[in-house]
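Notes to accompany the following structure.
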Amino acid sequence: MSADDRRQRQKPNILMTGTPGTGKTTTSSLVADAIGLRHIDVSDLVRRRSLHDGWDEDFDCHVINEDLVCDELEDMMEEGGNIVDYHGCDFFPERWFDRVVVLQTNNSILYDRLTSRGYMGAKLINNIECEIFQVLLDEARTSYAEDIVISLQSDSVEDISNNVTVLTEWITNWRPSSRST
């Protein structure tokens, strides 16, 4: 998919990324429902379609096969109108996205969210450190054009509501010939 292909899409593609527990799935679902886009939860897709190379006992999760995931998503991404929800972002082709959203959450709030999900040990520590050091924001800024990457705070229901408004307004104003507005 070239830049010309991106301009031919009638609806934008958005990557929603951030540390687990920052509200990616909630925000993605709300935006998708509000504006009529397809929400693609990559973790769920990996489980349903067996797009993984096994199980990581230390982090209690699947080891995704990035090539299989990209192959699975290619046709959908060419069509446009997708919100891709995943905590990693550096393996997706840059050409797929018109906006990359990094959700961030205060560390104490994130800690509470993750422990309520049963995160502990290395998995908990690793995710909290990722947020402290803004690993996913740096990854997004390194992997995608600066003008399409934004960071949104996601500490509360009010933040999520505001983020949904910001994103639905951006989608409404998006035009195929423009990557950012």
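Even glycines carry a Cβ here, placed using N, Cα and C.
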Of the residue ranges 41-64, 65-88, the one that TrEMBL records as region 'NMPbind': 41-64
Of the residue ranges 28-38, 94-104, 116-126, 160-170, the one that TrEMBL records as region 'LID': 116-126
Other same-chain residues whose Cβ falls within 8 Å of the Cβ centroid of Gly21, Gly23, Lys24, Thr25, Thr26, Arg117, the recorded ATP site, in sequence order: Pro20, Thr22, Thr27, Arg113
Packing count at Thr25 (ATP binding site) (other Cβ atoms within 10 Å of its Cβ): 16
Positions on the same chain near the region 'NMPbind' (41-64), where near means CB under 8 A and six or more residues out: 25, 28, 72-73, 84-87, 122-123, 126
Which same-chain residues, if any, lie at least 6 apart from Arg117 (ATP binding site) yet have Cβ under 8 Å of it: Pro20, Gly21
Neighbour count (Cβ, 10 Å) for Gly21 (ATP binding site): 24
